[in-house]
Amino acid sequence: MSIRVAIAGPRGKMGAEAVHTIMKHDKMELVAVLDYKEVGKTLADLEMFPASYTAPIFTDMHDLVEATAPDVLVDLTNPHAVYKHTKEALNLNVRPVIGTTGFTDAQLEELSAIAKEKDLGCIIAPNFAIGAILMMKFAKEAAKYLPDVEIIELHHDQKLDAPSGTAVKTAQLIQEVRATKMQGHPEEKETIEGARGAEFDGMRIHSVRLPGLVAHQQVLFGGDGQLLTIRHDSLNRNSFMSGVAFCVEEVMKMDQLVYGLENII
Ligand SMILES: NC(=O)C1=CN([C@@H]2O[C@H](COP(=O)(O)OP(=O)(O)OC[C@H]3O[C@@H](n4cnc5c(N)ncnc54)[C@H](O)[C@@H]3O)[C@@H](O)[C@H]2O)C=CC1
Ligand SMILES: O=C(O)C1=N[C@H](C(=O)O)C[C@H](O)C1
């Protein structure tokens with residue numbers, strides 16, 4: 001039987017790719033999409049999709065679930081909308097697969113508690129690309145031996161959140177294996193505010209935003225007379241799509257919230 005999938009944010013850069021991915025998948029059916037406008041239309045009414053894409057557009061999650069009974073909601077919207085969508089989906093017994101970044105720790109804890117209470121799978125994946133997950137895993141391993149680390153993430157200039165969800169997740173994974181360490185000179189002073197980047201548990205995160213970039217990150221480790229750089233580049237958004245399809249299948253087998261694909265690959 002097909003997995004019934006709804007997608008929030010279908011007109012976005014990631015959402016549109018995800019629409020094509022689900023439409024092409026032989027074990028999945030795109031039953032609806034959630035947008036903030038165009039209610040009553042179908043994807044086929046939007047110029048960007050072919051006439052064969054007949055999934056209806058909803059602007060209200062309750063209406064969407066009542067009319068189309070999805071098994072899974074894939075959210076690719078923005079940091080302002082995603083928490084509400086995830087909570088609503090869980091409360092309506094729909095399993096969320098969330099690619100949108102920008103959750104607070106308190107929101108993650110609350111959503112985790114709801115998923116647990118309902119025995120429902122929920123995946124929150126700051127990055128769906130296998131190469132990025134390996135980059136994070138390798139960075140965590142390297143930090144055991146080289147605890148001086150700075151993260152540089154580079155993204156397109158339409159990105160709303162900084163630092164990226166991937167950079168935050170990388171820093172959290174490193175924090176698990178590294179004793180807190182304030183890096184740099186103890187008396188260093190920024191002569192222009194922000195020059196040293198964001199501070200996370202003593203390590204620094206730098207965010208670059210430029211047209212032409214997609215999604216890139218390098219993790220730099222410094223040691224005595226040596227440097228190690230671990231870098232990942234997403235050159236297009238197709239790089240995320242096998243991860244999206246993997247999560248839609250996996251979340252059907254789960255009964256709790258998982259934050260980060262490194263926990264399930
Ligand atoms: N986990 C991953 O591997 C990846 C995650 N992302 C994240 O996915 C999110 C989307 O990224 P992009 O597609 O580049 O952004 P985008 O700006 O191109 O698309 C966002 C879409 O969400 C829609 N939207 C906004 N509010 C909405 C609402 N209340 N209900 C329904 N739709 C709404 C917008 O109309 C827009 O079409 C971002 O948070 C980004 O960081 C992006 C790439 C990979
Ligand atoms: O906004 C993006 O583009 C991306 N967002 C995610 C993040 O914040 O880490 C994943 C990837 O880096 C692309």
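Note: Cβ is positioned from N, Cα and C throughout, glycine not excepted.
Copied from TrEMBL, the annotated features are:
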- His155: active site, proton donor/acceptor (ACT_SITE)
- Lys159: active site, proton donor (ACT_SITE)
- Gly9, Pro10, Arg11, Gly12, Lys13, Met14, Glu38, Gly99, Thr100, Thr101, Ala125, Pro126, Asn127, Phe128: NAD(+) binding site (BINDING)
- Lys41: NADP(+) binding site (BINDING)
- His156, Gly165, Thr166: (S)-2,3,4,5-tetrahydrodipicolinate binding site (BINDING)
- 3-128: domain 'Dihydrodipicolinate reductase N-terminal' (DOMAIN)
- 131-264: domain 'Dihydrodipicolinate reductase C-terminal' (DOMAIN)
Environment of His156, Gly165, Thr166, the listed (S)-2,3,4,5-tetrahydrodipicolinate site - residues of the same chain whose CB lies within 8 A of the CB centroid: Thr101, Pro126, Asn127, Glu153, His155, Lys159, Asp161, Ser164, Ala167, Ala215, Gln217
Mean of pLDDT values spanning the domain 'Dihydrodipicolinate reductase N-terminal' (3-128): 97
Euclidean distance between Cα atoms of His155 (active site, proton donor/acceptor) and Ala125 (NAD(+) binding site), Å: 17
The one of His155, Lys159 whose CB sees the fewest other CB atoms within 10 Å, among these active-site residues: Lys159
Number of helical, extended and coil residues in the domain 'Dihydrodipicolinate reductase N-terminal' (3-128), per DSSP: 47 helix, 28 strand, 51 coil
Recorded positions near Gly165 ((S)-2,3,4,5-tetrahydrodipicolinate binding site) (Cα-Cα within 10 Å), from Arg11, Lys13, Thr100, Asn127, His155, Lys159: Thr100, Asn127
For His155 (active site, proton donor/acceptor): DSSP state (helix, strand, coil): strand
Residue pair Thr100 (NAD(+) binding site), Thr166 ((S)-2,3,4,5-tetrahydrodipicolinate binding site) - Cα distance, angstrom, rounded: 11
Contacting binding-site residues, sequence order - Glu38, Lys41, Asn127, Gly165 vs ligand 2, Cβ under 6 Å: Asn127, Gly165
Candidates Lys41, His155, Thr166, namely the recorded positions, that fall within 10 Å of Asn127 (NAD(+) binding site) by Cα distance: Thr166
Other CB atoms within 10 A, centred on Thr100 (NAD(+) binding site): 28
Candidates near ligand 1 among the recorded positions Gly9, Arg11, Lys13, Glu38, His155, judged by a Cβ under 6 angstroms: Gly9, Arg11, Lys13
Cα distance (Å, whole number) from His156 ((S)-2,3,4,5-tetrahydrodipicolinate binding site) to Gly9 (NAD(+) binding site): 18
Top Cα neighbour of His155 (active site, proton donor/acceptor) in the set of binding-site residues Arg11, Lys13, Glu38, Lys41, Thr166: Thr166
